[in-house]
């Protein structure tokens, strides 16, 4: 006889099987799309190649994502949601260090760094489907980073002639530029170490020494 406790620890009902399978297939598609978009750019990417890498027919791919644009937005939303979760409600040096942590996480998935670098360059064209996304993203990131530096300025711990707005633009430019260089020379360029050094140079009293 199965007790209530036994039922509570038993395997999940079979009805969850199709959902789990669907989720696994979608994850495979996302991984394939990241690889293809990063390698060819958005415009040159073919749904056929994405389907092949995911082990699906084009019809099977269309069942989950009807267009390249749908796939692109899914990838962008996932990346932004992950980053947003890490910096929500953080301020000052804690928020800036969280931004450095995000870069560290990105560097563990080179495909995502390559994708971001490719799309950010492509999306400067107003006709690109992710143009508005990146336009708003950079404005929002600079605002959040500027607010963090303003908090440090109000606390009297900044040691620089740069304004919070200039520091924010510098930090964002450093982050993106370092990741681009890292893709070319991963053994020579360390984005995390360099960003951390930048924070120590402008806020030596609060930024960690190592």
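We count from 1, first residue shown onward.
Note: Cβ is positioned from N, Cα and C throughout, glycine not excepted.
Ranges compared are 46-65, 66-85, 86-105, and TrEMBL records DNA-binding region for 46-65. Checking TrEMBL for region 'Disordered' across the ranges 1-22, 23-44 points to 1-22.
Residues belonging to the DNA-binding region (46-65) score a mean pLDDT of 92 in the model. Panel annotation: around the DNA-binding region (46-65), residues 22, 25-26, 28-29, 31-33, 35-36, 40, 71, 74 of the same chain, lying at least six beyond its termini, place a Cβ under 8 Å from a Cβ of the stretch.
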